[in-house]
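I have placed the structure first, in the form of structure tokens, so that the comments after it can refer back to it.
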Amino acid sequence: MASKDFAIGMILSQIMVGFLGNFFLLYHYSFLHFTRGMLQSTDLTLKHLTIANSLVILSKGIPQTMAAFGLKDSLSDIGCKFVFYVHRVGRAVCTGNACLLSVFQVITISSSEFRWAELKLHAHKYIRSFILVLCWILNTLVNITVPLHVTGKWNSINSTKTNDYGYCSGGSRSRIPHSLHIVLLSSLDVLCLGLMTLASGSMVFILHRLKQQVQHIHGTNLSPRSSPESRVTQSILVLVSTLCYFTRSPPSLHMSLFPNPSWWPLNASALITACFPTVSPFVLMSRHPRIPRLGSACCGRNPQFPKLVR
């Protein structure tokens, strides 16, 4: 009983911390939008990332907490379909935005070379349309079949194989459409993870080469303090590594392989699924020694927000 109470407390704490962290960043970028008139392309990407993070945390954490308290039949059939759909779309948008951040940062730190200059200009110009079309509209359409494979606990589908998610059930009378849907989602995940891996390797290579060039020009007596571009790139590398780790963690794989997991793997999977949306805003803010105070903006003073990513 004490262990279950501890798990419930962990889920509730994660919901509160993750939601507040993402709300703070969303407020930050909304403040910049209304005071400066327009956000930079990367700022808009991070704004969409905070929205997607909040959707993942709320759509996964709240129903899982209710199920942990024993309220497994609290969601109706429509409620289960809606919660699962929002969660899948939010998680896909998180992955897409992380991919955008890594690719865009490669373009940014490589812009000193002539062949990247024109690409950077086009990236700044078309990044808004790319986010809206690819990360939201595309993922909304791709996941449109998710509600067809989810039902409430009290209205389970008569199928030979039903997945138990604690607060909802998943299954289908026909396995062929569901299999095609899984293949499509997996293909998109593999594509995004592949791009992030390639971009991360490129960032490491470019930073190493720039460091060697600086050492060659100024000698080895350099300050240990890294440049702003290096700190931003390191933050994005941590974000990408966190996303790749938690999306392929053992509890998440356990949920995919076993249709009816026990209580602990079920809640462990919920905790790990929401780890990236919870951690990512603090990773972005941690590179600044002084985080801007929310109260100063609420009181009408200019808090001098630093730019998280250039």
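Residue numbers in this text run from 1 along the chain shown.
Including glycine, each Cβ sits where the backbone N, Cα and C put it.
Note that the structure is predicted; figures quoted are calculated from it, not measured.
Positions annotated as topological domain 'Extracellular' by Swiss-Prot: 1-5, 72-91, 151-186, 259-263. Per Swiss-Prot, transmembrane segment is recorded for 6-26, 51-71, 92-112, 130-150, 187-207, 236-258, 264-284. Per Swiss-Prot, topological domain 'Cytoplasmic' is recorded for 27-50, 113-129, 208-235, 285-310, and the stated evidence type is sequence analysis. Sequence annotations record features per position, and here Swiss-Prot assigns N-linked glycosylation site to ASN158.
Averaged over the topological domain 'Extracellular' (151-186), the predicted model reaches a pLDDT of 64. Outside the transmembrane segment (6-26) by six or more residues, the chain places 46-47, 50-51, 53-54, 57-58, 61-62, 64-65, 68-69, 264, 267, 270-271, 274-275, 277-278, 281-282, 284-285, 294, 308 with a CB less than 8 A from a CB of the stretch. In terms of DSSP secondary structure, the topological domain 'Extracellular' (72-91) contains 15 helix, 0 strand, 5 coil. Long-range Cβ contacts of the topological domain 'Extracellular' (72-91) within its own chain (Cβ-Cβ under 8 Å, at least 6 residues beyond either end) map to 52-56, 59-60, 63, 66, 136, 139-140, 143, 146-147, 150-155, 166-170, 185, 273, 277.
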